[in-house]
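Participant: Got a structure here, written out as structure tokens. Questions coming.
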């Protein structure tokens with residue numbers, strides 16, 4: 001649907017208000033609710049599933065080492081309004097159709113509060129999954145300042161629940177961040193980017209079968225689809241919004257919350273975007289971009305300087321297609337900045353943040369090394385199933401790092417596409433990438449490299465929890481598995497892949 005662009009103002013997510021707060025802890029109650037919200041001036045209200053009635057949900061702000069507790073409450077209907085495939089793993093008919101569980105993405109969190117897919121719960125906790133342990137989640141927030149996000153992670157339903165609107169920001173701050181000369185308060189804005197398809201009545205559309213499925217196909221109906229690309233782009237819950245800004249520097253925390261789509265972002269006036277942080281916090285030094293690629297679940301913490309563009313408009317654009325070439329009338333556009341607000345007070349002319357260097361990588365000193373391959377097969381209906389190391393979700397656990405150990409993971413991607421790989425619990429670092437011959441690999445299983453090791457680009461040299469594993473490459477990452485033991489997961493963050501079956505349990509053992 002080609003709606004008029006830049007007619008709705010960008011909403012700024014509200015900050016969550018705690019129910020209780022004392023020196024020992026901060027306690028929130030956040031409900032998942034079905035609401036109807038206006039996403040565009042010319043559309044009727046859209047049915048959405050939200051946290052506390054808004055998309056994005058309320059932003060939780062925490063200081064480092066502040067203990068936060070959240071009671072996530074499912075107040076959703078008993079029937080899903082998007083097409084549920086009961087044939088994929090854990091889609092059992094004897095379980096509630098609507099299941100939820102919340103994962104703090106990038107959070108270093110005890111296993112019982114991590115949002116394990118089988119720790120799901122139904123409305124008012126009437127039914128719970130086999131790994132359910134607690135109604136109130138605990139977040140210690142021992143991490144450095146970083147931009148995290150929370151979203152649904154229910155088994156076999158993540159793609160639908162997140163598409164319905166279950167996502168929000170979680171920001172951790174610390175004394176080091178506060179010492180930097182960065183834009184703050186109203187000049188520090190989170191941007192949640194997602195793609196959707198709408199019907200004429202404003203309803204969300206999500207396909208019930210893969211494209212070009214014959215009418216007489218024996219595929220289940222509904223059936224999971226291998227990917228989803230919407231032609232309409234939302235930022236903070238509005239379609240192609242605009243933001244009025246002052247001629248000064250702004251900090252934007254950009255999150256790709258799309259199911260499948262990777263964006264290649266740039267400004268239409270070719271202005272430089274200064275990146276200061278990635279998934280797990282600040283980079284060792286700032287990086288200047290003319291454009292950058294951001295895959296599902298990745299975060300880019302950036303500064304845009306509008307001081308030279310008073311009374312001008314600038315459009316944040318996307319040059320990456322999704323299943324087809326980008327359309328200049330639709331998905332090539334993200335949002336518009338109008339530099340029309342008068343400058344309030346004094347704005348810093350330059351930024352002089354002194355960032356901390358990260359410790360050197362020492363892969364040779366790792367306690368263990370694993371080689372893990374992104375693979376796939378077909379189910380009995382001929383549908384693709386993407387896998388991690390040829391293992392299904394229900395197969396025995398094979399990734400079992402010892403608590404406190406350092407491991408190197410060699411992630412081999414012989415598939416034809418990029419997969420954003422996410423590890424729970426840890427913030428890892430990228431060692432290098434190396435291209436290999438996928439044809440030889442597919443025929444013999446042998447990895448024959450076609451080029452040298454390539455150091456990660458500057459923007460990937462910080463702490464990451466999600467990394468783009470490109471086709472025809474081996475990417476090496478290194479992580480220390482601390483500070484909690486227990487059951488976690490790692491998976492592809494293309495949600496249609498994660499739900500079937502590109503996700504594996506991971507046990508951190510004592």
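Just so you know, the numbers here start at 1 and follow the chain as drawn.
For all residues, glycine too, the Cβ spot is worked out from N, Cα and C.
For 103, 422, the entry in Swiss-Prot reads Cu cation 1 binding site. Feature annotation from Swiss-Prot assigns Cu cation 2 binding site to 105, 151, 493. The Cu cation 3 binding site annotation in Swiss-Prot covers 153, 424, 491. The Cu cation 4 binding site annotation in Swiss-Prot covers 419, 492, 497, 502 and is backed by similarity to another entry. Taken from Swiss-Prot, the feature domain 'Plastocyanin-like 3' applies to 242-317. Taken from Swiss-Prot, the feature domain 'Plastocyanin-like 4' applies to 372-506, supported by sequence analysis. The feature site 'Plays a crucial role in the protonation steps' is assigned by Swiss-Prot to 114, 498, with similarity to another entry given as support.
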Participant: Could you check which of these recorded positions, 103, 114, 422, 497, 498, sit within 10 Å of residue 491 (Cu cation 3 binding site), going Cα to Cα?
Facilitator: 422, 497, 498
Participant: If you draw a 10 Å sphere on the Cβ of residue 491 (Cu cation 3 binding site), how many other Cβ atoms land inside?
Facilitator: 26
Participant: In the three-state scheme derived from DSSP, which category covers residue 491 (Cu cation 3 binding site)?
Facilitator: strand
Participant: Around residue 105 (Cu cation 2 binding site), which residues of its chain at least 6 apart sit with Cβ under 8 Å of its Cβ?
Facilitator: 148, 149, 150, 151, 297, 422, 465, 466
Participant: Identify, among the binding-site residues 151, 493, the residue whose Cβ has the fewest other Cβ atoms within 10 Å in this structure.
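Facilitator: Comparing Cβ neighbours within 10 Å for the binding-site residues 151, 493, 151 has the fewest.
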Participant: Give me the count of other Cβ atoms within 10 A of the Cβ belonging to residue 492 (Cu cation 4 binding site).
Facilitator: 26
Participant: So, in DSSP terms, is residue 498 (site 'Plays a crucial role in the protonation steps') helix, strand, or coil?
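Facilitator: Assignment for residue 498 (site 'Plays a crucial role in the protonation steps') reads helix.
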Participant: Can you give me the residues near the recorded Cu cation 2 site, meaning same chain, not 105, 151, 493 themselves, Cβ no more than 8 Å from the center of the site's Cβ atoms?
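Facilitator: For the Cu cation 2 site, the extra neighbours are 103, 149, 153, 162, 167, 257, 296, 297, 422, 466.
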Participant: Which one is closest to residue 497 (Cu cation 4 binding site) in space, judged by CA to CA distance, out of the recorded positions 103, 114, 153, 424?
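Facilitator: Nearest listed residue in space: 153.
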Participant: Can you give me the same-chain residues 6 or more apart in sequence from residue 114 (site 'Plays a crucial role in the protonation steps') with a CB-CB distance under 8 Å?
Facilitator: 103, 104, 107, 424, 425, 486, 488
Participant: Just to verify a number: CA distance, residue 492 (Cu cation 4 binding site) to residue 498 (site 'Plays a crucial role in the protonation steps'), in angstrom, no decimals.
Facilitator: 5
